[in-house]
Amino acid sequence: MDVDRGFYRQVDVQDHAHYIVAFFVLVIGTVGVSGNALVMYAFFCNKKLRTPPNYFIMNLAISDFLMAITQSPIFFVNSLYKGWIFGETGCKMYAFCGALFGITSMINLLAISLDRYIVITKPLQAIRWTSKRRTCLIIALVWLYSLAWSLAPLLGWSSYIPEGLMTSCTWDYVTSTPANKSYTLMLCCFVFFIPLGIISYCYLCMFLAIRQASRDVEKLGSQVRKSTLIQQQSIKTEWKLAKIAFVVIIVFVLSWSPYACVTLIAWAGYASLLNPYSKAVPAVIAKASAIYNPFIYAIIHSKYRDTLAEKVPCLHFLSQAPKRDCISVSHSESSFRDSMLSRQSSISKTKFHRVSSMSTTDTVSLTFVLGFLEMYIYYPKEAIKTVQQWQRLKCEINILLTFSEYLLLGLLGVSIPRKQSIITKIVSIVFRRCTNYLLSHSL
């Protein structure tokens, strides 16, 4: 039986139900705040982690941290008092924060999926479109999108009310009014189901692209074997980041799916089938989504593990000397560059043969460099800034630039000091590369 108490109705449940919920909420809040704080601390301590894809991870940690610190303490206190004690204004602010940070997390996961999709399936376009500035702009748009949906109930489209055991608040998905039903339907579609569909499509395309790349490497066989292996290693590095994001997304979806199902049941007109427990338990599970990500990073992401082990003495056990993709790539790149230098003179003698028998990998590398040179000619400032910001793609960029540079300069018999920066090389040989490109296509 429900007891009317003004703004809320106190539900007739056993006291131990409130105390059990309070215990789980306390654990969720403690782990969520401390875990996400550690992720943010690692990000600020290690400059190597400040790459465009990690900006999205950092934004996710911030939204999860704010979700835990604004929701759990209030939820915990209300559970101890067995009802909502902060009044109508407190309920609206609590629900607004929960909606804002929860929606931000979901849309941020969508942004991560799109970022991984572009980098893996369209690497040349990613060069122009992925930078710290654009990443920060996307993050700002994520927050604005979430803010719009969170403000709607405060402006009259639906409303924020207590839910479940009347110890937390959310939008009114139970009352059957046109405003409530339309808001519930639109929110579920544009914040949960449509983003989930786009995320699924992105990962399907990424999987197919990785599988096709592996098959291409096998078909090439011994042709340009070292360079193809290096490119495959670079793709594996990007795919590793994508797998981390995939695990995060799966966990997040599993956390919010029960809550989405409950709201849709009420939207369909079967709210009478929902008891206080069936509404309270999904809400607790949804709020627990803020605690999983730090554990995922600690298990999978080696750089976060190493940083935390180095900076936090009590977490030294996290350091397990994991494999480092970029180190292996850099080693391969160094060996490849040395071999190209030793063969430079012989290449210059057989330039017609090399141009006519250029492999698929050579063509991709040449296209990559020429595309960047075009960008440098028309947008020099943006090109220079982009190079400086390419932390995530630095291994792949160095490999492709090195390969194409020594291929083309080998045709001309030109030698370049090995320790010059990428920008200096581009400035010094831009016209030579373009001239060589025109000559090779006119012969």
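Sequential numbering from 1, following the chain as shown.
The backbone N, Cα and C atoms fix where each Cβ goes, and this holds for glycine too.
The transmembrane segment annotation in TrEMBL covers 20-44 (among others). Through the fold, the transmembrane segment (20-44) approaches residues 50, 54, 57-58, 61-62, 64-65, 67-69, 71-73, 75-76, 79-80, 165, 167, 280, 284, 287-288, 290-291, 293-295, 297, 304, 307-308, 311-312, 315 of its own chain, all at least 6 residues removed from its boundaries and within a Cβ separation under 8 Å.
If you look up TrEMBL, you'll see 35-297 marked as domain 'G-protein coupled receptors family 1 profile'.
According to TrEMBL, the transmembrane segment annotation covers 56-81 (among others). Under 8 Å from some Cβ of the transmembrane segment (56-81) lie the Cβ atoms of residues 18-19, 21-22, 25-26, 28-33, 36-37, 39-40, 43, 90, 94, 97-98, 101-102, 104-105, 108-109, 111-112, 115, 135, 139, 142, 165-168, 248, 287, 289-291, 293-294, 297, all in the same chain and six or more residues away from its ends.
Same-chain residues lying 6 or more positions outside the transmembrane segment (93-114) and placing a CB less than 8 Å from one of its CB atoms are 53, 56-57, 59-60, 63-64, 66-67, 70-71, 74, 86, 138-139, 142-143, 145-147, 149-151, 153-154, 160-161, 168-171, 191-192, 195, 198-199, 202-203, 245, 248-249, 252, 256, 286-287, 289-290. If you look up TrEMBL, you'll see 93-114 (among others) marked as transmembrane segment.
If you look at the transmembrane segment (135-157), the same-chain residues 6 or more away from its ends with a CB under 8 A from one of its CBs are 52, 55-56, 59, 92, 95-96, 99-101, 103-104, 107-108, 111, 115, 171-172, 179, 182-183, 187, 190-191. The feature transmembrane segment is assigned by TrEMBL to 135-157 (among others).
Taken from TrEMBL, the feature transmembrane segment applies to 183-210 (among others). Sequence-distant contacts of the transmembrane segment (183-210) (same chain, six or more residues past either end, CB-CB distance under 8 Å): 103, 106-107, 109-110, 113-114, 116-117, 120-121, 149, 152-153, 157-158, 171, 173, 235, 239, 242, 246, 249, 253, 256, 260, 263-264, 266-267.
Here the transmembrane segment (244-268) has Cβ contacts under 8 Å with residues 60, 102, 105-106, 109, 112-113, 116, 173-174, 181, 184-185, 188, 192-193, 196, 199, 203, 274, 278-279, 281-283, 285-286, 288-289, 292-293, 296-297, 300-301 of the same chain, all six or more residues outside its ends. According to TrEMBL, the transmembrane segment annotation covers 244-268 (among others).
Residues or ranges marked as transmembrane segment by TrEMBL: 280-300 (among others). Same-chain residues lying 6+ beyond the ends of the transmembrane segment (280-300) with a Cβ under 8 Å from its Cβ atoms: 21, 24-25, 28, 31-32, 35-36, 38-39, 57, 60-61, 64-65, 67-68, 71-72, 75, 98, 102, 105, 163-165, 167-168, 170, 243-244, 247-248, 251-252, 255-256, 258-259, 261-262, 308, 318.
Residues or ranges marked as transmembrane segment by TrEMBL: 359-379 (among others).
According to TrEMBL, the feature transmembrane segment maps to 399-416 (among others).
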Mean of pLDDT values spanning the domain 'G-protein coupled receptors family 1 profile' (35-297): 85
